[in-house]
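Worksheet: the structure to be examined is printed underneath.
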Amino acid sequence: MRLNGEVSHKEEEEEGEKENGNLLPQKVVVVGYALTSKKKKSFMQPKFEVLARKKGIVFIAIDLNKPLSDQGPFDVVLHKMSGKEWCEVIEDYKQKHPEVTVLDPPDAIRHLHNRQSMLQNVADLDLSDCHGKVCVPRQMVIKKDPLSIPDEVFEAGLKLPLVAKPLVVDGTAKSHELFLAYDRFSLSKLEPPLVLQEFVNHGGVLFKIYIVGEAIKVVKRFSLPNVSKCELANVGVHSFPRVSSATASADDADLDPSIAELPPQPLLERLSRELRSRLGLQLFNIDMIREHGTRDVFYVIDINYFPGYGKMPGYEHIFTDFLLNLAPAT
Ligand SMILES: Nc1ncnc2c1ncn2[C@@H]1O[C@H](COP(=O)(O)OP(=O)(O)OP(=O)(O)O)[C@@H](O)[C@H]1O
Ligand SMILES: O=P(O)(O)O[C@H]1[C@H](O)[C@@H](O)[C@H](OP(=O)(O)O)[C@@H](OP(=O)(O)O)[C@H]1O
Ligand SMILES: [Mg+2]
Ligand SMILES: [Mg+2]
């Protein structure tokens, strides 16, 4: 962290001074960020930037066309960019600048770019003493041949309906194109590589658990409705919209309490702590559903790196506190 006067961002400091009634923040934290334009728009909201500036945080957009080491100096680097080249840039920068906190390590982020590896750590957890059970839906990966899917699904004993998800998550709209498949034969129309995941009835409500370091914020979102017994006779693959990513929150909706009751806090805390340490990540969210008809059986269906924090209530304060409290890298 830099003390005032050590940084050459005079304009921002003067602005902070005015807004603070001549009270300068005790330290200035310089945060370089490399975000896609979509992510920049949703994350760098004016209200957030103003609050951060008042608290002594200076954001600087990293210029991808210039060497990273020639920019800054930074205290923290935030990034969500895909591509091997960028990972190499970040790895190289981390080695040359151990004093900078780089969030998060590319290798750890890569773990979430694959829908099979992203859930592995959840599958390995045992939270049975934590007011609930956290599982992952049964799933399988189809790497290549779509014509083999019906037999593979049968051999694996997966129960229909299945959610078909692109195996790789790379920030593109295509990687979020999902299908609900009612019969195994129609699955051969889909394009591998795919993950086929058992659909879990959950009453149409999903819990999004946002993690920012040690801070946890859980919100309710609308999700897919239950599949009834008679719908099981349906056939075909049906694409569905990004229902849970909509800005509309289910927090204020009049919902059946047995469906909408938030997961127990101790369970959320333990799950978040374990995943933070096992994944080696500070910035992510977890999509969790409650199995319909149960009180305490939960499934994690998705984990996202650097999700849409702009939609997280109070993100401005949570994020500024997080950045200010980051220990300087040693
Ligand atoms: N196994 C499942 N059982 C029931 N519903 C599911 C399951 N998997 C996904 N869904 C529904 O589909 C939605 C999208 O699935 P998922 O979160 O895996 O996709 P995504 O494209 O990674 O989403 P995000 O926008 O959160 O990154 C979920 O929010 C939920 O409504
Ligand atoms: O915050 P939630 O509701 O989970 O939704 C996020 C998704 O989970 C992310 O995958 C989206 O980011 P990418 O599409 O860049 O992966 C992310 O995109 P955004 O930054 O444009 O909001 C969100 O849609
Ligand atoms: Mg999701
Ligand atoms: Mg996702």
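Here the Cβ of each residue, glycine as well, is placed from N, Cα and C on the backbone.
The model shown is predicted, which means the values in this text are computed figures rather than measured ones.
The 1D-myo-inositol 1,3,4-trisphosphate binding site annotation in TrEMBL covers Lys39, Lys80, His176, Lys208, Asn304, Gly308. Among the features that TrEMBL reports, ATP binding site is placed at Arg115, Lys165, 197-208, Ser223. The Mg(2+) 1 binding site feature in TrEMBL is assigned to Asp287, Asp302. Marked as Mg(2+) 2 binding site by TrEMBL: Asp302, Asn304. The domain 'Inositol-tetrakisphosphate 1-kinase N-terminal' annotation in TrEMBL covers 30-109. The domain 'Inositol 1,3,4-trisphosphate 5/6-kinase ATP-grasp' feature in TrEMBL is assigned to 131-324. For 1-21, the entry in TrEMBL reads region 'Disordered'.
In this structure, none of the binding-site residues Lys39, Lys80, Gln197, Asn201, Gly203 sits close to ligand 4 with a C-beta under 6 angstroms from any of its atoms. Phe207 (ATP binding site) sits 13 Å from Asn304 (1D-myo-inositol 1,3,4-trisphosphate binding site), counting Cα to Cα.
Under 6 Å, Cβ to nearest atom of ligand 2: this is the test, and of the binding-site residues Gln197, Phe199, Asn201, Gly203, Val205, Asp302 it is passed by none. Across the domain 'Inositol-tetrakisphosphate 1-kinase N-terminal' (30-109), DSSP classifies residues as 36 helix, 19 strand, 25 coil.
Gly203 (ATP binding site) sits 15 Å from Asp287 (Mg(2+) 1 binding site), counting Cα to Cα.
Taking the C-alpha atom of Lys208 (1D-myo-inositol 1,3,4-trisphosphate binding site) as reference, the shortest distance to any of the binding-site residues Phe199, Asn201, Asp287 belongs to Asp287. In the structure shown, across all protein chains, Lys208 is the one of the binding-site residues Lys39, His176, Lys208 with the greatest number of other Cβ atoms within 10 Å. Ranked by Cα separation from Asp302 (Mg(2+) 1 binding site), the binding-site residues Arg115, Phe199, Ser223, Gly308 are led by Arg115. In this structure, the binding-site residues Phe199, Phe207 were compared by how many other Cβ atoms lie within 10 Å of their Cβ, and the smallest count belongs to Phe199. Highlighted here would be the binding-site residues (Lys80, His176, Gln197, Asn201, Gly203, Ser223) whose C-beta falls below 6 Å from ligand 3, but none qualifies. Confidence annotation: the domain 'Inositol 1,3,4-trisphosphate 5/6-kinase ATP-grasp' (131-324) carries a mean pLDDT of 94 in the model. Among the binding-site residues Arg115, Val205, Phe207, Asp302, the residues whose Cβ lies under 6 Å from any atom of ligand 1 are, in sequence order, Asp302.
The Cα of Phe199 (ATP binding site) lies closest to that of Asp287, out of the binding-site residues Lys39, Lys80, His176, Asp287. Neighbour list (Gln197 (ATP binding site), Cβ cut-off 8 Å, at least 6 residues apart, same chain): Pro137, Arg138, Gln139, Leu162, Val163, Ala164, Lys165, Ile301.
When Cα-Cα distances from Asn201 (ATP binding site) are compared across the binding-site residues Lys80, His176, Asp287, the shortest belongs to Asp287.
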